[in-house]
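For reference, Swiss-Prot has these:
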type	residues	note
REGION	1-33	region 'Disordered'
COMPBIAS	20-29	compositional bias 'Basic residues'
REGION	98-123	region 'Disordered'
COMPBIAS	106-116	compositional bias 'Basic and acidic residues'
MOD_RES	Thr174	phosphothreonine
MOD_RES	Ser186	phosphoserine
MOD_RES	Ser190	phosphoserine
MOD_RES	Ser209	phosphoserine
MOD_RES	Lys224	N6-acetyllysine
REGION	232-251	region 'Disordered'
MOD_RES	Thr406	phosphothreonine
REGION	650-715	region 'DNA-binding'
REGION	1245-1376	region 'DNA-binding'
MOTIF	1348-1374	motif 'CysB motif'
BINDING	Cys1348, Cys1353, Cys1371, Cys1374	Zn(2+) 2 binding site
Amino acid sequence: MAPVHGDDSLSDSGSFVSSRARREKKSKKGRQEALERLKKAKAGEKYKYEVEDFTGVYEEVDEEQYSKLVQARQDDDWIVDDDGIGYVEDGREIFDDDLEDDALDADEKGKDGKARNKDKRNVKKLAVTKPNNIKSMFIACAGKKTADKAVDLSKDGLLGDILQDLNTETPQITPPPVMILKKKRSIGASPNPFSVHTATAVPSGKIASPVSRKEPPLTPVPLKRAEFAGDDVQVESTEEEQESGAMEFEDGDFDEPMEVEEVDLEPMAAKAWDKESEPAEEVKQEADSGKGTVSYLGSFLPDVSCWDIDQEGDSSFSVQEVQVDSSHLPLVKGADEEQVFHFYWLDAYEDQYNQPGVVFLFGKVWIESAETHVSCCVMVKNIERTLYFLPREMKIDLNTGKETGTPISMKDVYEEFDEKIATKYKIMKFKSKPVEKNYAFEIPDVPEKSEYLEVKYSAEMPQLPQDLKGETFSHVFGTNTSSLELFLMNRKIKGPCWLEVKSPQLLNQPVSWCKVEAMALKPDLVNVIKDVSPPPLVVMAFSMKTMQNAKNHQNEIIAMAALVHHSFALDKAAPKPPFQSHFCVVSKPKDCIFPYAFKEVIEKKNVKVEVAATERTLLGFFLAKVHKIDPDIIVGHNIYGFELEVLLQRINVCKAPHWSKIGRLKRSNMPKLGGRSGFGERNATCGRMICDVEISAKELIRCKSYHLSELVQQILKTERVVIPMENIQNMYSESSQLLYLLEHTWKDAKFILQIMCELNVLPLALQITNIAGNIMSRTLMGGRSERNEFLLLHAFYENNYIVPDKQIFRKPQQKLGDEDEEIDGDTNKYKKGRKKAAYAGGLVLDPKVGFYDKFILLLDFNSLYPSIIQEFNICFTTVQRVASEAQKVTEDGEQEQIPELPDPSLEMGILPREIRKLVERRKQVKQLMKQQDLNPDLILQYDIRQKALKLTANSMYGCLGFSYSRFYAKPLAALVTYKGREILMHTKEMVQKMNLEVIYGDTDSIMINTNSTNLEEVFKLGNKVKSEVNKLYKLLEIDIDGVFKSLLLLKKKKYAALVVEPTSDGNYVTKQELKGLDIVRRDWCDLAKDTGNFVIGQILSDQSRDTIVENIQKRLIEIGENVLNGSVPVSQFEINKALTKDPQDYPDKKSLPHVHVALWINSQGGRKVKAGDTVSYVICQDGSNLTASQRAYAPEQLQKQDNLTIDTQYYLAQQIHPVVARICEPIDGIDAVLIATWLGLDPTQFRVHHYHKDEENDALLGGPAQLTDEEKYRDCERFKCPCPTCGTENIYDNVFDGSGTDMEPSLYRCSNIDCKASPLTFTVQLSNKLIMDIRRFIKKYYDGWLICEEPTCRNRTRHLPLQFSRTGPLCPACMKATLQPEYSDKSLYTQLCFYRYIFDAECALEKLTTDHEKDKLKKQFFTPKVLQDYRKLKNTAEQFLSRSGYSEVNLSKLFAGCAVKS
């Protein structure tokens, strides 16, 4: 019993703390008296207990004084340094047992962890109730549903913790060693702004006392599923409650039921945000006028504050709580007049290890009384394993593998399974029957049609090995088929739809956080309801801010904002506005404090922000809100890559209870996080679909990167400000800055939601899922392989086929032919870092490179590969192939044998039939779109559906050739591409027979040079070609894809063109189209792209050639000057490159700039880059001598580090120059040397590369023989030898020096005029120097350095890589160009020839044009002695040349294979 003290000091600080302090106080007098009593007791003297006289055990006070005392106790944190998260003092006396308010239970739970079940007198109960019983009490203790209580959530310790922290006042800037946090109550504030009791006006200057405990609630309180502790409560909000709803952060009556606060949160939010426009402007002004970080913020503050919400729906929206009776299911009458459970399923989950044979279906159910949909979970049990045993023809001995000659019957298979298999694997009970099944896949020796033994047994019993074989059966199928797959296939469920559950059962104990739960005891009780539109969903978009802890380098979550739409339609256009309510919560890092009077600023601004004292409180609040809002879809950016993992890790570290509220399934153990596949994170959210707009954007649009800022710019056409991670901590210094941080978080959530709506992600995902028949949450994760897999699974199941087991495709590849090894080794066709193609792909015709200024016609086959599959009936079921041959790789790189086309008389196979269905459905939808006066929503719905059908049909071919696909069939894929090549070549030949020139062709399209400038004639010609080609095929169709006014064709898959677009008035406009050029790739900086675009624009223009060259020259000179003088913005230098794997997985991280920048970004926290992400970096001068690739830095590093500057030479030489040089290659009058000169670069370094590319062609054409000596030896190193007399270095590059009459031998005199010595007197030294130089070059050759021919890479290595392309070893750094010898055999041979050439006096004299010159030189200089000296030096070079085999061809060896054996 807590005594009441009249002393003010006691009431101020709390009676309990004060009395305990006195009790522990010790004094000498007290010790002496105690010792004295002990001595007497030992002596046998009786100890008498002295009863003290207590005066005033109970103090009599009036009601007002008592209220003040209770309030003071509530305000006191009596546990030191607890931050209000562990204990709660509710301020009342222990003898208040007769009080009617349920908050008493919260007090008792806070002290001893037990919740008492009190009868509720004076509470009017609704018809739908759950009786009080002992089971309810235990469930309440476990956080489950409790007995019926009127608005009682006070038992939930977590909610008490959250509210306690929300109202904990920020500590002072210089806190004392031991802090005792105290809460102060604002004048005139309601004790709990979200209280269910009607708010009453309180005179200013007085504290509103709590509502009397003995009065019943003013309104009947129906039941509702509890948000935190599982209590069933329902609150009907009133207008008066909403009026009192402004959030008072320094208030908090913690004994109020938390669930009630949650209920009124949304209506309250609407009122608060409705008043926000004016205060928001003040926030902006404060930020602009501040100093330090504020000035930084001021530079990017928006014109209109985010708090200024212009959506009226947000202010008027009110969340209506739904009454749900957990003791009854919302049943409806079925077709047979029986009571059934109807629900719309959205997501499915199974736990194969802990709950085998059970599938959880999550979705929405209609509640008639509330006229709304609520979440539901249906537990489908007893899904049995289904296995198919293929009998052998003859029994075999498993030990020897030989047949015994005994024929097999189905009874023999049954007996072997019963007596051996079932016993061994402890399968106690099973069902079996013989069935007839078809098979059409890649396992050899499996008949097309056969009788199998079908065995069904409980999934709780062990799974059989996948490679199990027996004496009587050769194969067993279905061993690892999941319960979910079996359920979806057998019940023919294709994506989200309405389902009917017959004989639904109530669950004994809640398994999910859904409002309604049901159970189907067997899968046959679940049936599809067709042609009913989907219900609206609850969509929540969220964004969060993290900050890295400097000590442990962990990301801490400091702010979260979310926008919610409670009725988001999937079959209509996105709602406007896309959200109806919202919330925002902020915490502080452990080493920060909130700005002074932050809560008062929020209150003054009337901005609705929850303030959490700790990260644990913030996470608890977020989980509570997720549970309260109960979203079906959570939308974010980079959720799977970063945010979800961080969120779950922080929940785990902070030990926030009920982590599983992030999903819908109740679980205690969090899945393992941080795996490469993100499996744990995906499982954590089961029941709530995750829509990551980054993943969706990657599938639907093309951007240079998929960061939120880039998506906002590309899709929403607006700018997003980025707040650097290191600035966040500084923003806690002032309230205005912290408010801006929250505003930025809120706006990110809004951007994310708008991007999702703009891309129509959800309707498109729903349509694709319904077409493919997979699970929508997986569709939203991207990747088409699984969709194709499920589409084919449904088709083959329906046609009584046994389907390939999951992952069985890996075994044959590893067993047969070593295909994986060869692919990894990449012997032949390695391209762009990918594995070698397992079969030949599409045909690419050799381009006729050049610039075309006449109309070019582009013809294209519509959906070539799907059309070929239909045209020739190519299917698993129709094409005959030998499986063993189909899976082997032929030796010596020979092309694999292509299977024969199926017989035209065969029935259409399943694959072409499925594709035809998709094509026909798309045609029907497009016809529907042409109807007049259609509803815009319907038009959008049709458009999304036809887009989904197109995406699915076009990706169907991919599953054949994708080696990790379940339906991988390389022979079929090879046959399809073979026919594609054949058709393209046939089309080319047909066009050429029509006297037209085909200048290029690629896979499914050809370009025809019309040599015409009349557009009408061009279209006539195109239609003529089209009709001739289409006559040959039934389903294949070629069409005019476009007309180019002018075309710059550079090489295969690289061209630029002006596309003609006819207008309604008969004229046309042109649009620039680029294909495969550097300027459309993201790994070039914007400056290089802009320069390239300008050059292309000039080349494609109608100007004269001289004008074009002049304009390009001016622009390049200007760009070179701008780069050097620093007038180009840093953003123009940013290079973007995608990661093909996680940064830490790269073997050579230093040589790859984007990889080590990615590692730096990951080390900083705030975001995590992974495989598939795009990294931005700039190449800087940092004072080191490292290569350019090792001097890459993130743009934010360049801003922060003063010692970094842009490497201008790199950008001019390795970014701008290569781009322009490649574009201008076919243009006369512009070459690499000229471009280098215009850019201010040294032109000599580009000459080597300019001539290197033509060396091979020159050799074939006899080019070097036609060159002059000067041209032939222009790149050779000159012979240098110092004069032994004066030390001057003499350079020799010819036999002669000077010209005309001044011509003389180069060895005649020293280049130093003052030196009288002649080099001819030092021929021994010259010879020695020559030998040393030759040896140096030979050593350089044998060093074997290889260098990448790609100008932007220039990777240098001595290690010969294992991957080769047709032109040589593939560069391991860039994986797109070949490595060439840095010093080739030709270069060495030419250098040796040069040394012979400069000392070959006889040859030089012979080449003189006139006899007069020859005679003069011979008489004056070339005496026999001089000629002999020259000859000695020449012979020195010739000795080495004679050892070189470069210039010799051994004919006998060359033609050895042609010898005829006698």
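Backbone N, Cα and C define each Cβ position, glycine as well.
Given the structure is predicted, the values throughout are model-derived calculations rather than measurements.
Taken residue by residue with DSSP, Cys1371 (Zn(2+) 2 binding site) is part of neither helix nor strand, so it is coil. Between the alpha carbons (Cα) of Cys1371 (Zn(2+) 2 binding site) and Thr406 (phosphothreonine) lies a span of roughly 60 Å. All protein chains considered, the CB of Cys1348 (Zn(2+) 2 binding site) has 23 other CB atoms within 10 Å. The CA atom of Cys1353 (Zn(2+) 2 binding site) is located 68 Å away from the CA atom of Thr406 (phosphothreonine).
Cβ neighbour count within 10 Å across all protein chains ranks Cys1371 highest among the binding-site residues Cys1371, Cys1374. Cβ neighbour counts within 10 Å, taken over all protein chains shown, single out Cys1353 as the most crowded of the recorded positions Thr406, Cys1353. For Cys1374 (Zn(2+) 2 binding site) paired with Thr406 (phosphothreonine), the C-alpha to C-alpha distance reads 61 Å. Per-residue confidence over the region 'DNA-binding' (650-715) averages 88 (mean pLDDT, predicted model). Between the CA atoms of Thr406 (phosphothreonine) and Cys1348 (Zn(2+) 2 binding site) there is a gap of 66 Å, rounded to the nearest whole number. The DSSP secondary structure for Cys1353 (Zn(2+) 2 binding site) is coil.
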